[in-house]
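Features reported for this protein in TrEMBL:
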DOMAIN    43-294  domain 'G-protein coupled receptors family 1 profile'
TRANSMEM  25-50  transmembrane segment
TRANSMEM  62-88  transmembrane segment
TRANSMEM  94-122  transmembrane segment
TRANSMEM  134-155  transmembrane segment
TRANSMEM  199-223  transmembrane segment
TRANSMEM  235-254  transmembrane segment
TRANSMEM  274-296  transmembrane segment
Amino acid sequence: MTASNITTTHPAFFLLVGIPGLEHLHVWISIPFCFAYTLALLGNCTLLFVIQADASLHMPMYFFLAMLAAIDLVLSSTTLPKMLAIFWFRDREISFYGCLVQMFFLHSFSIMESAVLLAMAFDRYVAICKPLHYTTVLTGPLITKIGMAAVARAVTLMTPLPFLLKRFHYCRGPMIAHCYCDHMAVVRLACGDTRFNNIYGIAVAMFIVVLDLLFVILSYIFILRAVLQLASQEARYKAFGTCVSHIGAILAFYTPVVISSVMHRVARRAAPHVHILFANFYLLFPPMINPIIYGIRTKQIHERVLGLFPRKDA
């Protein structure tokens, strides 16, 4: 009897609602979602192909960009296919363990993306503030260690989540009012004392956003100081121009996070679909926009991408 009770503390599956209150618009909402996912796949796969194929791009800046593209591919593919299945086929069911796996990958790769953006800020700092030491500081082994540290940090912080959630009894039904298995959306279905989960989730989010963003801002303070000390305006423009793509990626990643966080605290009475649309925007926008930013702003990548398309002779 005891064993039976232990094995039934969690449901066999959850049901993802999608976007509560907008179920009748799911098919129409799926159009921009599908478009964004297609752009994310094409853009990030193109970046990875170009960087891998062109030996002249085998430099620290582009290695970090390849990491970012790979993370964006996993991040969008973790959630978007299931979202589209909900919107198109009303396939709302997801197994309990499938939900935990989706949650782990979703939050882990979000943390990894933040770490890589911080590493890219460090790359720009060394390139502008210590250009003579760039190749000696950002060596292959160091880049590998940075990548491994980003993965280790994310996995370490997110590994407790599945075990914390598995111990709960879910008495509030299987309906998750979301498009994907967000940690707090699942916690709301659990019975018992969930304070530790709430505190842990908020603490990890604040730790990642505040700490990483603080170091990014600090890097750009040093970068700005170094740029302003350059003799000519052209040199200042050229030096700071190398940071524009990274600043765009930073804004694309952190702006939706901050807006969503503020919305949860300031606009608590807003309709649920408003919060969920912002949460989806946070997942959709960076993977879609990052390849566009770097493809347009980075001359080397722009030229290599155009080179993939044969030109017709006049």
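Placement of Cβ uses the backbone N, Cα and C atoms for every residue, glycine included.
Automatic, uncurated: that is what TrEMBL annotation is.
Quick caveat, the model's predicted, so the values are computed rather than measured.
Same-chain residues lying 6 or more positions outside the transmembrane segment (235-254) and placing a CB less than 8 Å from one of its CB atoms are 68, 113-114, 117, 120-121, 124, 127-128, 209, 213, 216, 220, 223-224, 226-228, 285-286, 289-290, 293-294, 297-298. Long-range neighbours of the transmembrane segment (94-122) within the same chain, counting only residues 6 or more positions beyond its ends whose Cβ lies under 8 Å from a Cβ of the stretch, are 10-16, 61, 64-65, 67-68, 71-72, 74-75, 78-79, 82, 146-147, 149-151, 153-155, 157-159, 161-162, 165-166, 176, 180-183, 186, 204, 208-209, 212, 215-216, 219-220, 246, 249-250, 253, 283, 286.
When averaged over the domain 'G-protein coupled receptors family 1 profile' (43-294), pLDDT in the model lands at 89. Panel annotation: around the transmembrane segment (199-223), residues 111, 114-115, 117-118, 121-122, 124-125, 128-129, 157-158, 160-161, 164, 183-184, 187, 240, 243, 247, 250, 254, 257-258, 261 of the same chain, lying at least six beyond its termini, place a Cβ under 8 Å from a Cβ of the stretch.
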